[in-house]
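Worksheet for the structure shown next.
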Amino acid sequence: MSETSRIDGRRLDQLRDVRIERGWLSQAEGSVLVSFGRTTVLCNASVTEGVPRWRKGSGLGWVTAEYEMLPRATNERSGRESRKGKVGGRTHEISRLVGRSLRAVVDDKALGENTIILDCDVLQADGGTRTASITGAYVALIDAVNWLRGRGGLVSEPIIGSVQAISVGVVDGIPMLDLAYKEDSRADTDMNVVMSGNGDFVEIQGTAEGTPFNRNLLNELLDLAAGGCATLKQAQSEALGVTL
């Protein structure tokens, strides 16, 4: 595989086209439609006064997330989990990942006893749905915090940084950035990397689907991810009209 022989002709270190559109739903305190290529996720932030029972009286806020895919987001229809009566393991895992990633850049005390829930609904899936969800949900979170600030509902500034996420992997022995589904399904190594805007790692999820990877290859993948996250940070900044 050459540097120009990826499925869509991208370079090995090149993201798919990234689009971040704010204000997608008028009812939500924050609403963002984010696209990584053909992968499209609607991220809505909802603010409620109060916190879960186990957190009441602490003076701390709570940020959490729920992730789900529309039945026909993929090539074949998948049944609605609500009809099955339980949330699937993958859905639960990704919901927790999105929530953890956002909480990494939130000062719970400054948020006060308010809850912000991020709903990430995948409209179309072509690889990287969890990383697109994190990247888009952060922008929706910022809009929700700004809404709360405008209502006088904040103790102080709760956002202490930015967060981005991207996938990397090894396909046919070659490391590459931002895998589309057809690449991801053939990957020897698949990794999702969440980073803060200052370049620190929030979470790394990596698996050798085939051949194990060594430390040098891991470093190469992390370097690819760092470059991708820096580009995503710029896209978030442009969408918000501020410098993150």
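Quick reminder: no glycine exception, Cβ is built from N, Cα and C everywhere.
Of the residues Arg90, Arg103, Arg149, Arg151, Swiss-Prot puts just one in the phosphate site with Gly128, Thr129, Arg130: Arg90. Arg90 (phosphate binding site) has a Cβ environment of 11 other Cβ atoms inside 10 Å. One way to see the shell of the phosphate site is to take the Cβ centroid of Arg90, Gly128, Thr129, Arg130; the remaining same-chain residues with a Cβ within 8 Å of it are Tyr67, Ile94, Val122, Ala125, Gly127, Thr131, Ala132, Ser133, Asn192.
Under DSSP, Gly128 (phosphate binding site) is assigned to coil, being neither helix nor strand in the three-state scheme.
Looking at the residues that bind phosphate per the record, Arg90, Gly128, Thr129, Arg130, the two CA atoms farthest apart are separated by 14 Å. Secondary structure at Arg90 (phosphate binding site), taken from DSSP and collapsed to helix, strand or coil, is helix.
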